[in-house]
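Annotation comment: Swiss-Prot describes N41, N93, N100, N128, N164 as N-linked glycosylation site, evidence class sequence analysis. Taken from Swiss-Prot, the feature signal peptide applies to 1-19. Annotation source Swiss-Prot lists transmembrane segment at 189-209.
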Amino acid sequence: MYRYTWLLWWITILLRIQQFYQWWKPDTTSCIQKTGYEGQNLSLPPSNALSSKDYTFSWYKDSLKALNMLCYYTEKLEEIDSKPDTIRRCFLNHTLFLINLTSHYSGIYYFDSLYTYGWVLRTPLCYNVTVYSIYQTHIHTTILLYPPTSTYNSLTISSFTSTNLTHTAVHYAAGNVEAQHDTATPHTMWIIPLVIVTTIIVLICFKFPQKAWNKFTQYRYNSMLTAA
């Protein structure tokens, strides 16, 4: 009975370590996509299902580190002075409001909460914010609203538009491949040690090394008797 209790205890510890790793470095491929344009404002609401157990809330940018914290909620609301290039407002309903967007606002924003009863970690909500420049929008609007009349200008603009879109598509695809590779690598790194450690613990609990050693000793003893 003690053997199984000890095994269950170790498995629980390993699962907690895995949960903490996923909380500290979450998978950004599942983030909610948000887009905005320079000079505009953008609102990031929290999760729709806030538990009554939740007591502490916070917003982060780029990573779940104290230096990247934007807002902190306990019994009162506090706006942290980190990230001076990001002008924002934090509201009591836990919404993050980004003001006067620029290219510096692009990135991952995390909304994190922690259960105070039982200290149960969960994956934070994240937004992948992309800010586009107004100049790019103006070019596309001009092409659509004012089509050229001459054949030469039409061919030139069509060629330019096709080249621009192709370059954007290739750049976007390359970025996706690189992001998926960067995301897959750290997750693979902790799975392999977890499997190895779990296997060793199971072998020790069921005394497989001791049984193997006893069989080896008995085999050597029988060999010595046969030789004599």
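Just so you know, glycine gets a Cβ as well, placed from its N, Cα and C.
Cα of N41 (N-linked glycosylation site) to Cα of N100 (N-linked glycosylation site): a distance of 5 Å. Other C-beta atoms found within 10 angstroms of the C-beta of N128 (N-linked glycosylation site) number 17, with every protein chain shown included.
On a Cα basis, N100 (N-linked glycosylation site) lies 17 Å away from N128 (N-linked glycosylation site). N93 (N-linked glycosylation site) sits 21 Å from N100 (N-linked glycosylation site), taking the C-alpha atoms as the reference points. The glycosylation sites considered are N41, N93, N100; of these, N93 has the fewest other C-beta atoms within 10 angstroms of its C-beta. DSSP classifies N100 (N-linked glycosylation site) as coil under the three-state reduction.
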